[in-house]
Structures are given as C-alpha cells and as structure tokens.
Amino acid sequence: MSSYANHQALAGLTLGKSTDYRDTYDASLLQGVPRSLNRDPLGLKADNLPFQGTDIWTLYELSWLNAKGLPQVAVGHVELDYTSVNLIESKSFKLYLNSFNQTRFNNWDEVRQTLERDLSTCAQGEVSVALYRLDELEGQPIGHFNGTCIDDQDITIDNYEFTTDYLENATSGEKVVEETLVSHLLKSNCLITHQPDWGSIQIQYRGRQIDREKLLRYLVSFRHHNEFHEQCVERIFNDLLRFCQPEKLSVYARYTRRGGLDINPWRSNSDFVPSTTRLVRQ
C-alpha cells in the first residue's frame, strides 16, 4: 500500500463508492487529487521538478445534444500539463462526462471550451482539449511503441511486491548508449479500489546501459502496487533517474481504457514527442 493511501485528501472521492449517474451538466462532479501526495515522498518539489510532460486522456464515451436536441458523439483528446496542482480522478471524470448526455450545447466549440474550462479549474493547471468527429478517426491504424521489447526473457520471477532493489547496480560499463526499451507487462492497481490497471511502457534514455533483466523485474514488481497511473509513471522516472543516472530520460505509459477513458502519462527531461495513436490493447 502506498504511504498516502489513507490521506485525508482522498477521503471525499467518489471512487470506490456507490454513486448516482447524472445526465445533465454538472461541473462539480469533477474531483482532483493533489500531485504532491506522491511527489512529496519521492522528494519532488513543484518548483524544481526533474521532468516535463503531460497526462494524455482519450475520451471514447462523449455525447451531448445539439441546439435542436439531436445527440452528438465525439472522441476527445485531453492534455493536462504536469505542472497542474491536481491530477484528475478518473471516475469523477467519467461521471462528469455523463452529465453532458442530456445537455444542449450550441455547437462543438462550446463543448470543447466547457471541457477545457472545467478541467483547468479542477486541475488548477493548463489543459488543452480537442474533439474529433468519428469519420476523422476511421481507418486510423493501431499504433505501436518504437523500441526493443524486453518481455521475452527466459527468467523465473517470484516477487510481485514493489521494490527498487532490482535497480541497484543496474547499469554496467562506461560506454554511453542511446536506446528505447518497451514492455507490455506493466500492471499496477488503483490506489483506492485496487482494481487492476494494464499498460504498456516505453523508456527512452541516453546513458550507461541498463540491464534489461533487472529493468523487467523492477517493472513486474508493480504488479501488486497501488497507485494512480500518473503516479506510477513519475515513480518509474524518478527511480530510473536516481539509480541509473541517465543523461536523458523519457518514460511514457499508455494504459488500457476503463469507463470509456484511457490515461497516457509521459515524463521526460529531453526533447520527447509522444505518439498519441492508440495501442493494440486500447
């Protein structure tokens, strides 16, 4: 269990509780979680973060009524800046989006502006929103993470409790390499409900070479770990930076969707440009 799982800041969340579904617009349904909850234990301070990045959300279940009452549907793309005070709690996001279902809006841009305003207010940070008509995305190919997959290793694993021990002495030699490693075996659990979160992760770095077996064991150790997606990515970035000391580092995870939403956080200290195309499990 994370050290802050019972923090007072989490007590008021609807997550893990029985809730009513509202279908008329209600911005108060959105709930934020302070990023400081996981950053403080990691020694990360808001005014001196070792990374940049965004939390990329895809909204697959977004619908509202136009001015004449005709239902509209869209796929939404949301980017929440890493400097925001709060992350957005996903169940509250789902409930909030449901409140659009029977609400009339004059046009698509009014919907986009409403989302942008409400999410920015909840997160206390910068948010950008784009809405796509379905025919704009039809035929879009399934994406993939560029890099070398480290999953197919003939090793025995018997520990699934989170530990950074595997990263001790995980680099070798003095030669500087630049490589991108990928794993589809990332699995963590919701901080509150402990429901499984499934993801793929891309780690791009420049520095002394990281032992792939040790890295895979470290990633698999998240299997019983309880934290939100964004918190896991920041923990992985921080641990790799601390133990492996790369000159450049980027960590990007794309998680499978739940409740019509997927969350795809990335953190980097270099010029990293994430691909936003959904992966095969998304």
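Cβ from N, Cα, C; glycine included.
Straight from Swiss-Prot, the features:
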{"type": "BINDING", "residues": "Ile88, Glu89, Ser90, His229, Glu230", "note": "substrate binding site"}
{"type": "BINDING", "residues": "Ser90, Lys91, Arg258, Gly259", "note": "NADPH binding site"}
{"type": "ACT_SITE", "residues": "Cys190", "note": "active site, thioimide intermediate"}
{"type": "ACT_SITE", "residues": "Asp197", "note": "active site, proton donor"}
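Taking the features listed in Swiss-Prot, we show where each one sits on the structure.
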residue	record	Cβ within 10 Å
Ile88	substrate binding site	26
Glu89	substrate binding site	21
Ser90	substrate binding site	24
Lys91	NADPH binding site	21
Cys190	active site, thioimide intermediate	18
Asp197	active site, proton donor	24
His229	substrate binding site	23
Glu230	substrate binding site	25
Arg258	NADPH binding site	16
Gly259	NADPH binding site	14
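Here the candidates are the recorded positions Ile88, Lys91, Cys190, Arg258. The one whose C-alpha lies nearest to that of Asp197 (active site, proton donor) is Cys190. Under DSSP, Ile88 (substrate binding site) is assigned to a strand (E or B) in the three-state scheme.
Separating the Cα atoms of Ser90 (substrate binding site) and Gly259 (NADPH binding site) is a whole-number distance of 8 Å.
Counting in whole angstrom, Ile88 (substrate binding site) lies 14 from Gly259 (NADPH binding site) by their C-alpha atoms. Nearest neighbour of Cys190 (active site, thioimide intermediate) by Cα distance, taken over the binding-site residues Glu89, Lys91, His229, Glu230, Arg258: His229. Other residues of the same chain near the NADPH site, with their Cβ within 8 Å of the Cβ centroid of Ser90, Lys91, Arg258, Gly259, are Phe93, Lys94, Gly260, Leu261. The record assigns Ile88, Glu89, Ser90, His229, Glu230 to the substrate site; their largest pairwise CA distance measures 11 Å.
Put simply, of the binding-site residues Glu89, His229, Glu230, the one whose Cα is nearest the Cα of Gly259 (NADPH binding site) is Glu89. The record assigns Ser90, Lys91, Arg258, Gly259 to the NADPH site; their largest pairwise CA distance measures 9 Å.
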